[in-house]
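Pulled from Swiss-Prot:
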BINDING   17, 21, 265, 308, 409, 413  ADP binding site
BINDING   17, 18, 19, 265, 308, 312, 409  ATP binding site
BINDING   17, 87, 88, 139, 243  sn-glycerol 3-phosphate binding site
BINDING   87, 88, 139, 243, 244  glycerol binding site
């Protein structure tokens, strides 16, 4: 425990894919100050995405300084730092100099596809699923680490000698903030590397051998809520969680059956499954989240590819609306979608269908269909896809969905939130505080140092602004959802497979 009596603030560092942010919270979990700084995206080849790790550190440091200045605060008034980060993005740097040997390879980058194909040919797909909880994909850090060691001359030998260090963005920032004293990650970030056994909670030797990654470069793995070290100005760094897991904790989803949906371009759904690591039969990821004290708890994760992007399509390509905010007004002008379903499978279907050959379609068109019906069907598609994922999670886990906590831009749309409650038959809870990812990191740091005493105290801080209760008869709900399932079935396997062309 740290003396927090005269230190009344926690700073959360939210290191994202396109920007670094710093958010300062007071003891009542109110936002006191925020600062944000974007950084350059590098695309050296088609499908490749990189960041400059030094720029990430510089922007994150600048945001911290700016947030403090805006609130007229000094370092010695900050009780702790919590860090949340874009997951999977991979950095390797020199132990002595702290200089990266290559740019950070970002989670979206597909350059290590061939490495993953080879693992598939070697029959490792099931082992990876069973051990790491993940699907075999270039998304995760393991194949990115191998790619750097394969392509930077002499790096593997240097790694074996202990001259190099690997980390996801949390690890990199902590190394820099502590002046090279601490090489650590947390369980949530480790669980996204494809190198970590989520059952034994240790780095997996077989995966390290298969990818030829020397153990010497790996960070120590710790819980998401403890003091890892101190910044150069003496502030304890006391919380770490990957962005989606931080949002799950910030939403207080710490008991089995509690779930959150982040409505962004796509949707990220996580459901807490407690002490049970559930293997999904529907292509969900099994990942590590946080229990009530920041300890290990398991979660299922599923993604919807097209959420907010469907509304962007209505605005930018079809020109049916001028602003995404207009959708609520138009959807509310009609009593239903008039039998119209929009399946936004623009890039195929994600969980639980996993059909890259599906394509988008509008169904149920008649002469009576107006623009308002199509706009309404677009919003409804986001809620239907969310139900697809949550139904699969409930089947996988045997846990009944208690409620759905929501965050992200689209939660301001009252029509969408009400329809979400109706189609799930579960109440949807919208928090007053929209900064749930940063809040999760702040909560984890604050609990570690006694800034907040317990989860019960935090529950009082996590104020729910509005609860949307289902207002739809079960028979009608299931009829609507059956129509959606029929529409989805018609979009499946639309594109010819490559070998058929």
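In case you wondered, yes, glycine gets a Cβ from its N, Cα and C as well.
Given the structure is predicted, the values throughout are model-derived calculations rather than measurements.
Proximity of residue 17 (ADP binding site) to non-local residues of its own chain (separation of 6 or more, Cβ distance below 8 Å) is seen for 86, 89, 106, 107, 108, given in sequence order. Sequence-distant neighbours of residue 243 (sn-glycerol 3-phosphate binding site) (same chain, 6+ apart, CB under 8 A from its CB) are 14, 16, 84, 85, 86, 87, 437. Cβ neighbours of residue 139 (sn-glycerol 3-phosphate binding site) (same chain, under 8 Å, six or more residues apart in sequence): 88, 107, 108. Sequence-distant neighbours of residue 21 (ADP binding site) (same chain, six or more apart, CB under 8 Å from its CB) are 13, 14, 15, 34, 35, 36, 37, 63, 438, listed in sequence order. Apart from 87, 88, 139, 243, 244, the glycerol site neighbourhood in this chain, defined by C-beta within 8 angstroms of the site C-beta centre, holds 86, 107, 192, 242. DSSP assigns residue 88 (sn-glycerol 3-phosphate binding site) to coil, not to a helix or a strand. In the three-state DSSP scheme, residue 19 (ATP binding site) falls into the strand class. Between the candidate binding-site residues, 308, 409, the densest Cβ environment within 10 Å is the one around 308.
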